[in-house]
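Enquirer: Okay, here's the structure, questions in a sec.
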Amino acid sequence: MREIVHIQAGQCGNQIGAKFWEVISDEHGIDPSGNYVGDSDLQLERISVYYNEASSHKYVPRAILVDLEPGTMDSVRSGAFGHLFRPDNFIFGQSGAGNNWAKGHYTEGAELVDSVLDVVRKECENCDCLQGFQLTHSLGGGTGSGMGTLLISKVREEYPDRIMNTFSVVPSPKVSDTVVEPYNATLSIHQLVENTDETYCIDNEALYDICFRTLKLATPTYGDLNHLVSATMSGVTTSLRFPGQLNADLRKLAVNMVPFPRLHFFMPGFAPLTARGSQQYRALTVPELTQQMFDAKNMMAACDPRHGRYLTVATVFRGRMSMKEVDEQMLAIQSKNSSYFVEWIPNNVKVAVCDIPPRGLKMSSTFIGNSTAIQELFKRISEQFTAMFRRKAFLHWYTGEGMDEMEFTEAESNMNDLVSEYQQYQDATAEEEGEMYEDDEEESEAQGPK
């Protein structure tokens, strides 16, 4: 089977990673000690994608837990599903990265990275036919962002032909831990643009807004935000974990979703949005699910898709429902909103249906969009970055770990290039496409969008 090796790095990465394993273990009928207690063959048919079956018929996640300080991993280990993980796969330092990207990427993280790679190798040798890696991390801290991106480039070196997929939590001033988040995020995005195949942008700003506006939670906690993240991660991995035809592995998803190699930052969405521990009273209809999942309020990235255009979209519907109705609704949305889909990629919306709904819902839908509106998120970070960088505020923490200012300038311009590329394809029309390629590449970039 086609296995995926999961890596979680840093405090945020370990918390959303642990939550992800709780949710999918529940969906596959795996109890906290790794025994199968489910009731459907569908749960086991592709279980080997994420789990390794040990000799005692126990299922062990193909997960590697990494952090530069022991705190978060101790709480994962003592949490509900702590005994599920392989004890050797907990790798941690003692020093911490102090929210400093340079410590995670160049100094502290670099010392720990080889012992992580040993475990990665061991997990990959356990695989029959590895399809790729997924990393959960945040971009605002030190370990997840700095060491996370270091791991990506090291793993990439060793497994160049395997897919690299990340769930990256993007920082926001609304839910901020540190003042240097824009630095860490910009340096990380500089790496992600070059070294990953698929990145789901999970945006703390959007999660906070959903909790506050839609779920009416007065003071959202990280637990509430992580509940949304785990619902989304469970949704976007559905077609990898359950039998089906569409986007059944990471590479097929990448082929459908990524028209240009640098533009691989996806906007996830989920419907229906429910608060933690609440029961849903009424099953939604397919039209309602479709309506909601294309709604800006349901996006996990704080960007308004109406400000851009979709290059590609993949959706997953879960639960017992009529395929015909799903197809009709999806076509209806596309024909009503055709101006929001680029016309030079025909059939750019793909739909998968899985019979098994998530816990507590009769039906749900998950949305993965590659929209040019994601540039709003990069612009937001870029503005915060520039405000500090032009005064060289806080730079000594980074140069003190051996970094050069030049690296900051490069990261800044790479992110600005990314924004212009999204803008260029947002403005492109089918007629102009031909001319665009005839021009010299540099020339068209110098002119910006036509």
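Each residue's number is its place along the chain shown, starting with 1.
Quick reminder: no glycine exception, Cβ is built from N, Cα and C everywhere.
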Enquirer: Where Swiss-Prot shows GLY10, GLN11, CYS12, GLN15, ASN99, SER138, GLY142, THR143, GLY144, ASN204, TYR222, ASN226 binding GDP, which of ASP177, ASP295, ASP304 is named for the same site?
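Expert: When Swiss-Prot describes the GDP site, the candidate it includes is ASP177.
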Enquirer: Swiss-Prot has GLN11, SER138, GLY142, THR143, GLY144, ASN204, ASN226 down as binding GTP; which of GLU69, GLU288, GLU325, GLU328 does it also list for that site?
Expert: GLU69
Enquirer: Per Swiss-Prot, which of 1-4, 149-152, 189-192, 425-428 is motif 'MREI motif'?
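Expert: It is 1-4 that Swiss-Prot annotates as motif 'MREI motif'.
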Enquirer: Whole-number answer please: how many Å between the C-alpha atoms of GLU69 (Mg(2+) binding site) and SER172 (phosphoserine)?
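Expert: Rounded to a whole number, the Cα-Cα distance is 23 Å.
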Enquirer: Name the secondary structure element type, per DSSP in three states, that contains GLU69 (Mg(2+) binding site).
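Expert: In the DSSP reduction, GLU69 (Mg(2+) binding site) maps to coil.
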Enquirer: Where's the emptiest Cβ shell within 10 Å among the recorded positions GLU69, SER172?
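Expert: Selected from the recorded positions GLU69, SER172 on minimum Cβ neighbours within 10 Å: GLU69.
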Enquirer: On the 0 to 100 pLDDT scale, where does the motif 'MREI motif' (1-4) sit on average?
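Expert: Summarising the motif 'MREI motif' (1-4) by its mean pLDDT gives 89.
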Enquirer: Please report the DSSP secondary structure of SER172 (phosphoserine), reduced to three states.
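Expert: SER172 (phosphoserine) sits in a strand per DSSP.
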